[in-house]
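What follows is a set of notes on a single structure, which appears directly below.
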């Protein structure tokens with residue numbers, strides 16, 4: 001049997017989508033939410049897959065250091081990178097792809113989570129990145145360990 005838990009981390013960051021051709025090509029920002037879904041086959045003596053506080057320390061620690069209040073840019077976006085280098089101080093994080101919600105979720109799932117969770121006995125199975133309260137992208141591992149990404153526009157909530 002496998003048990004899964006989820007830890008939510010909120011952060012603010014700016015980005016732009018290189019060669020987008022629309023308004024997302026302009027520098028702008030989001031109040032992001034990252035949902036990390038981890039699973040394990042065993043529980044500790046307390047009955048937990050892993051302590052939620054440990055997930056917060058690991059995931060929030062990485063996000064705070066690298067993405068929170070940073071501009072996240074595509075490595076090919078020389079114009080954007082050079083423009084931000086003129087601003088002191090400036091915090092940037094360079095990705096190998098456009099910083100879409102899809103690529104950010106995939107990056108966290110494939111690159112960041114395995115390093116952070118090494119030796120904990122749990123595996124990150126899914127990461128969702130919310131750009132707005134209505135839109136998110138999700139990257140998940142299938143049973144073979146392959147990554148799949150979806151983007152979804154949720155239905156607006158009507159009250």
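Here the Cβ of each residue, glycine as well, is placed from N, Cα and C on the backbone.
Fair warning: this is a prediction, and the values are worked out from it, not measured in the lab.
Per TrEMBL, the Zn(2+) site holds 28, 30; the candidate it also names there, chosen from 15, 66, 69, is 15. There are 11 other CB atoms within 10 A of the CB of residue 69 (active site, charge relay system), with all protein chains counted.
Note on proximity: of the recorded positions 28, 30, 69, the one nearest residue 131 (active site, charge relay system) is 30, by Cα distance. Residue 131 (active site, charge relay system) carries neither a helix nor a strand DSSP state and counts as coil.
Between residue 69 (active site, charge relay system) and residue 30 (Zn(2+) binding site), the C-alpha separation comes to 10 Å.
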